[in-house]
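Student: Pasting the feature list from Swiss-Prot:
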| type | residues | note |
| --- | --- | --- |
| ACT_SITE | Glu99 | active site, proton donor |
| ACT_SITE | Glu239 | active site, nucleophile |
Amino acid sequence: MGAVHGVCYGMVGDNLPSRSDVVQLYKSRNIHAMRIYNPDQEALTALRGSGIFLILDVGGVDEVRRLGRDPSYAAGWVRSNVQAYYPDVLIRYIAVGNEVPAGDTGIILLAMQNVHNALASANLSSSIKVSTAVRFDVITNSFPPSSGVFRDPSGLVPIARFLDSTGAPFLANVYPYFAYRDDRGQNIRLNYATLQPGTTVRDNGNGLTYTSLFDAMVDSIYAALEKAGTPNVRVVVSESGWPSAGGFGASVENARNYNQGLIDHIRSGTPKRPGAIETYIFAMFNENRKPGDEVERNFGLFFPNKQPVYPTTFPN
């Protein structure tokens with residue numbers, strides 16, 4: 001399908017536009033894919049006939065556990081949230097959990113299997129793939145990229161094998177920003193972190209040269225998938241972004257450089273895997289009710305009044 005460039009639509013704010021206004025904003029800005037974090041019925045209704053591809057998250061950990069424990073609950077979930085909307089809503093993937101703690105990987109796999117089986121019973125499993133979105137720190141030894149390996153192979157390898165057997169992608173939330181912030185600029189250069197030219201890093205393990213931390217992070221995931229025996233599983237970057245305020249390295253200039261750089265870059269792929277990378281920028285809006293550090297409320301491309309925080313251009 002070429003380079004899919006999506007934006008994550010978080011709703012953790014009390015001043016955000018209506019769901020239908022948000023869908024129109026996506027269309028007017030040439031944003032062709034969306035991720036939502038639960039099956040919000042208003043959003044799904046607004047997406048009908050929009051032509052926008054969708055990653056649909058099932059919701060929080062409690063929902064993942066219910067889906068894992070009860071195949072009939074999973075079948076009902078698919079009926080209510082998928083069959084009721086597809087194909088008017090172009091659901092592409094179902095994310096069973098977002099950054100679920102490592103101790104729950106067993107129930108994640110059961111939930112993924114139950115949702116996949118429910119889709120198969122509805123003759124939808126070839127069109128809609130089931131995955132889970134993980135934090136980047138499921139990878140250890142991520143530098144050099146060729147050394148990447150799963151931190152918890154007993155939990156992640158069975159998930160990778162399930163993805164391989166069903167033709168589903170590995171969804172990973174990849175944030176060079178947090179690596180740069182935690183490093184405090186000691187070893188990671190800002191231009192390398194924000195996809196700007198000027199820094200090259202050679203991986204002596206695979207002979208490849210890297211000009212961005214994003215590429216190095218993605219390729220370390222591919223290295224881990226290869227070591228797990230699943231080299232054909234494709235990585236989809238289910239979140240990536242840079243905050244415009246609220247913490248070390250967070251500024252409008254850095255956020256624009258990173259996010260516009262990412263939009264422009266995903267068409268070319270990584271040194272290890274040339275070709276388009278399906279990528280979802282986090283996030284559409286600054287969300288004023290998001291918990292955590294101040295940066296968490298400043299990842300948006302847009303203010304709640306639909307005005308851009310800084311200019312970005314998405315290709316047609």
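Backbone N, Cα and C atoms are what each Cβ position is placed from, and that goes for glycine too.
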Student: Taking the active-site residues one at a time (Glu99, Glu239), which has its Cβ surrounded by the most other Cβ atoms within 10 Å?
Tutor: Glu239
Student: Provide, as an integer number of angstrom, the distance between the C-alpha atoms of Glu239 (active site, nucleophile) and Glu99 (active site, proton donor).
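Tutor: It is 11 Å, counting Cα to Cα.
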